[in-house]
């Protein structure tokens, strides 16, 4: 028999009660986290979003009706409890619970709902498959660790709004149904019923609208906004994700960076109680690539890349010598204490290198007694070995590993190996927050597949001022274009990009030239971006901004392995929602109304 809630009102959340409440009569609502019968006395751990408290139904003290109902309670039954807060008997305290020194002596118990057999226990550290957790997400979220993550996410929202509103930003919404302007990832398309054959697109970002808001005189805009990208998914990707997006007029890079650092500092202080040191570190894109093998460097550990190209060009080891003669480079990493690696471990490391594009991996062990062990050491003079050891800071007990290839492949492979080694050797400290701004990015890069230059960030990023006057030259010579640097900046935290932005192009004339540089014709530019180009003609102020990946920030703040763990209802890596079975087929009459025919290749049916 299910009881009615009626006029029963909660006084406290379970986790809010303390010893100061001893003697108080309280009313609580929640779920039965666990039920135990000890010699006829029934103990129920009652749970809500704030925590757990023990309630006691003693047949010698509680009303008979309450006791009879308590005997029927099972895990995850929904309960209303009225009783008095009392101190737990000495020796029965539970130090694992914040409420572990008190309990509720029950005077009234209502069973508001029952619960079917659970697919997994409602507790932290479960081993249930992720797809099962997502199918029963309403149960998964009840688990304390999931609840805490969503509460923290809410607190990040609140802190963001407090900080930005306090610094003169206006929260302005931009459209969810907009024009398809595919640059990079695919758009999610929405058919327009009233304009058959035409489609809206869900926005990949509010980029163009926030620039137009600057033209509109808003001056400082922000939004916590959903964005959509139809791309292949990884652990840090979702088809729909949330950005903290802002834009400012009459600013340069320093202004945007100052606001960004202030916001992150405020969020960490308000939500985690952590005082971050400002300003954050900075390094150029080139420095990041050449020291760490990536434009998202993790500064929590060393393992820096060292360049031995000047030595390699003169050695007898053919792989090194030939690579340098062909314009390549030779770089390495000193794995401190790595001489203890077995040959199998080194072979495994070589296979890791090959996964990321290396043809092989050379290595030299410096044994504890100073002797060298390596199949390549015979090709080096003693002077060359000593010089390599000096550059690599090699000492007894170290393992030196080398990659010889093109500039791009060498850095990419060593960047991945650096991360792999840090994880293998447990070099990554916990509870350390290493922020770094990466600046001075190339404006463009060459895309082999498309056979044209593409924007490294997006086509609305301004070149450095010294490069603007050379745009005509760059349009004629891609080598000149590849030397251009942009006014872009990315913020990296512990090896993860958490935000990126730039100073934008605010001149329609320069914007058209950048489109031309990227191989976008006047007709294509007008078709895709005509509304922006037109707006830039009407007194657009200099402006810039940034977008933070909110999901990624919350994942890092909570120590989550995937952003799926900090999103209430995420998609799987295949873009499926197991809870609702979306995406799904729709009815034929819905398609007819839209004027759409679906052609599904046979192999996908």
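Glycine residues also receive a Cβ, built from the backbone N, Cα and C atoms like all the rest.
The L-aspartate binding site annotation in Swiss-Prot covers 183, 229, 457, 504. Residue 229 (L-aspartate binding site) carries neither a helix nor a strand DSSP state and counts as coil. For residue 229 (L-aspartate binding site), applying a Cβ distance below 8 Å and a minimum sequence separation of six or more within one chain yields 185, 186, 188, 204, 237, 239, 241.
Counted within 10 Å of its Cβ, the other Cβ atoms near residue 497 (ATP binding site) come to 17, all protein chains included. Residues or ranges marked as ATP binding site by Swiss-Prot on the basis of sequence analysis: 229, 230, 231, 238, 497, 549, 550, 551, 552.
The region 'Aspartate' feature in Swiss-Prot is assigned to 207-210. Note on the region 'Aspartate' (207-210): DSSP counts are 4 helix, 0 strand, 0 coil.
Spatially close to residue 38 (site 'Important for tRNA non-discrimination') yet at least six residues away along the chain is no residue at all, judged by Cβ distances under 8 angstroms. What Swiss-Prot lists as site 'Important for tRNA non-discrimination' is 38 (among others).
What Swiss-Prot lists as site 'Important for tRNA non-discrimination' is 91 (among others), and the listing cites sequence analysis. Note on residue 91 (site 'Important for tRNA non-discrimination'): other Cβ atoms within 10 Å of its Cβ, all shown chains, come to 5.
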Rank aside, I only need the closest one: which of the binding-site residues 231, 457, 497, 504, 552 has its C-alpha nearest to that of residue 91 (site 'Important for tRNA non-discrimination')? 552
Far apart in sequence but close in space: which same-chain residues, 6 or more away, have a Cβ under 8 Å from residue 231 (ATP binding site)? 185, 186, 237, 239
Across the region 'Aspartate' (207-210), what does the mean pLDDT come to, as a whole number? 96
Taking the Cβ of residue 504 (L-aspartate binding site) as the centre, how many other Cβ atoms fall within a 10 Å radius? 23
Which has the fewest other Cβ atoms within 10 Å: 457, 552, the binding-site residues listed? 457
One should report the C-alpha separation between residue 504 (L-aspartate binding site) and residue 497 (ATP binding site), rounded to whole angstrom, as 20
Cα-Cα, residue 550 (ATP binding site) versus residue 457 (L-aspartate binding site), nearest Å, comes out at 19
Quick one: pull the CA-CA distance for residue 497 (ATP binding site) versus residue 457 (L-aspartate binding site), whole Å only. 13
